[in-house]
Amino acid sequence: MYDIVLNHRKSTSSEKEVESPSAESNADAIGATHVELDDRNMQGQAALAGSPPQSNTANQAPERISEIGCFIIAFLRIPIIKGKGSKALLAFSLYTNIPKILSTKLPPNSYTCMYGIRFWSMMWIILGHAWQLGLTILPGPGNSVADNVGDSVKQESEQWTRAAIRNMSIAVESFFLLSGALVTMGFMKQMQRQSDKVTCRQVSIFYFHRYWRLTPVLAIVSIFTAGLFNFLVDGPMVKGTFAEGHLCRTRWWSTIFYINNLIPPYTTCLGWTWYLACDFQFYVVAPVFIILLYKYKWVGLAITIGATSLSVAIITALVALVLKGLMDYYTGFYIRPWSRFFSFGVGILLGYTMFKTKCQTKLPRWALILGWTLALFACLLAVYGDLGQGDCSWCRPHPLATRVLFLGTQRVLFALGVAWVVYVSCCGQGGFVNTFLSWKAFVPLGKLTYTCYLIHPLVIYYFEYSRSTQIHILGSTMTLFYSGYVLISYSIALFVSAAFELPMISLEKIFLPRH
């Protein structure tokens with residue numbers, strides 16, 4: 001409402017400047033503009049002041065309408081106080097924030113392909129969760145929403161169309177990659193502006209910015225899950241309680257402080273936020289690699305490449321333990337930061353390369369053909385390399401060494417393939433791939449991926465827990481469910497981002513300028 005009043009004042013001021021150039025001199029010092037009132041408005045002010053209105057009784061409005069009119073008039077007459085307090089209040093205006101989020105305008109030299117990569121990675125994750133969450137992952141044995149889970153899992157092993165659903169978890173690697181690249185370029189540009197120096201203020205604000213950027217929305221979603229969400233779902237699958245709600249009331253602290261992937265028993269509030277924990281932990285150690293790369297090129301390259309290679313060795317070793325039954329896949333491998341550092345490390349090297357070359361590299365034709373061929377092969381192998389591994393009529397289990405090699409390098413291959421797409425697109429040699437990923441429609445959708453990531457499992461849980469009967473999994477049925485999950489998740493994400501995420505960014509710019 002405050003924002004609407006400001007816009008009303010500005011439009012009124014503009015009209016008066018056209019009618020009477022001298023009218024501006026009559027405005028008061030705090031910027032409030034004079035609003036001409038007609039007879040009815042004068043009646044409303046008189047009623048507000050307690051004096052009898054002077055009006056024509058033949059056309060007198062109902063009392064309730066008069067009260068509303070008085071309130072609106074009084075509100076439009078409030079003085080507008082300039083300063084940080086006013087800006088802080090306006091930061092929460094949906095009237096301004098929603099158009100900002102939906103805007104497709106970007107600053108010059110933006111890496112537009114990253115918005116498309118974010119969006120399609122998010123779509124892939126929702127696709128996988130639409131098939132997994134609620135269908136097979138529910139509290140207690142035998143509580144599946146679907147009546148043909150076994151057949152569906154079997155089809156995932158023998159149908160190539162289901163392989164992308166089974167391996168959707170590798171889509172997270174693209175987010176780690178982009179995070180590493182962006183944080184590296186941003187930190188190095190700041191060092192460049194500070195005459196190649198690193199200050200304690202820069203590092204402190206670096207950590208504060210990341211925590212401030214992520215936590216408010218995460219806290220809001222956690223509070224909603226702990227309280228109100230438990231009263232929204234009502235179906236036989238709930239069994240009288242909602243596991244996530246209970247966990248958010250008891251173990252919220254491990255999620256808010258981004259340690260839920262390190263603290264047993266790993267049953268945490270919003271279990272899918274293990275990704276945020278890993279990402280924040282990578283941000284904590286990132287300045288070490290970035291500063292070394294910036295100041296001591298070869299030392300930094302050796303340490304960064306060494307740490308990234310070590311991550312691959314750790315992944316392979318952990319996969320071997322999981323396949324031998326000596327370690328739990330989820331708690332021992334899947335959510336651990338050392339199992340996910342490779343993609344972030346590749347992102348750091350990618351960001352360093354983009355910063356040093358300023359994306360001015362022009363690769364010869366043979367290098368582009370070779371690079372695109374290898375990148376495409378790497379991504380397809382990461383998605384379809386385990387096709388035929390499972391319980392189906394023609395499936396043939398591979399030797400243990402082959403399975404370890406594939407699972408140990410699956411995420412490595414995908415991250416390298418995405419890194420190639422980002423770099424050649426940055427250099428203007430991405431061709432139709434860059435044109436597609438840089439489509440302006442992906443800009444607002446890419447901005448909403450963080451909030452959508454937090455919200456979409458709750459949307460899926462809401463519909464699955466609220467069912468009164470089981471469903472039969474069919475491709476057509478799941479396509480319909482998936483489309484609804486995407487539409488509803490992004491719609492809610494738009495409101496949450498405008499109400500909480502964007503205001504936090506605006507407040508930081510108001511109170512911490514030029515950081």
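Note that Cβ sites are derived from N, Cα and C of the backbone, with glycine treated the same way.
All annotation found in TrEMBL is predicted automatically rather than curated by experts.
Note that the coordinates shown come from a computational prediction; the quantities given were computed from them, not determined experimentally.
Some features that TrEMBL has for this protein:
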type	residues	note
REGION	1-30	region 'Disordered'
DOMAIN	116-495	domain 'Acyltransferase 3'
TRANSMEM	119-138	transmembrane segment
TRANSMEM	168-188	transmembrane segment
TRANSMEM	211-233	transmembrane segment
TRANSMEM	272-294	transmembrane segment
TRANSMEM	301-323	transmembrane segment
TRANSMEM	335-355	transmembrane segment
TRANSMEM	367-384	transmembrane segment
TRANSMEM	412-433	transmembrane segment
TRANSMEM	445-463	transmembrane segment
TRANSMEM	483-505	transmembrane segment
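With a cut-off of 8 Å between Cβ atoms, the residues of this chain six or more beyond the transmembrane segment (335-355) that come close are 172-174, 176-185, 188-189, 261-262, 266, 274, 277-279, 281-282, 286, 289-290, 293, 300-301, 304-305, 307-308, 311-312, 314-315, 318, 411-412, 415-416, 419, 422-423, 426.
Below 8 angstroms of C-beta separation, residues 129, 172, 175-176, 179-180, 183-184, 187-188, 191, 196, 198, 203, 206-207, 210-211, 214, 218, 255, 258-262, 300-301, 303-304, 307, 334-337, 340-341, 344-345, 348, 352, 453-454, 457 of the same chain, each at least six residues beyond the ends of the transmembrane segment (272-294), sit close to that stretch. A contact links the transmembrane segment (211-233) to the transmembrane segment (445-463), because at least 3 Cβ pairs that are 6 or more residues apart lie under 8 A. The listed stretches are 301-323, 367-384, 412-433, 445-463, 483-505; of these, 412-433 has the most Cβ pairs under 8 Å to the transmembrane segment (168-188). Sequence-distant contacts of the transmembrane segment (483-505), counting only residues of its own chain at least 6 positions beyond either end whose CB sits under 8 Å from a CB of the stretch, comprise 91-92, 94, 97-98, 100-102, 123, 126, 130, 212-213, 216-217, 220-221, 445, 447-448, 450-452, 455-456, 459-460, 463. Beyond the ends of the transmembrane segment (301-323), by six or more residues, the same chain brings 289, 292-293, 329, 332-333, 336, 338-342, 345-346, 348-349, 352, 400, 403-405, 407-409, 411-412 to within a C-beta distance below 8 angstroms of the stretch. Same-chain neighbours of the transmembrane segment (367-384): 160, 163-164, 167, 170, 410-411, 413-414, 416-418, 420-421, 424, 429, counting only residues six or more beyond its ends whose CB sits under 8 Å from a CB of the stretch. Mean model confidence for the domain 'Acyltransferase 3' (116-495) is a pLDDT of 87.
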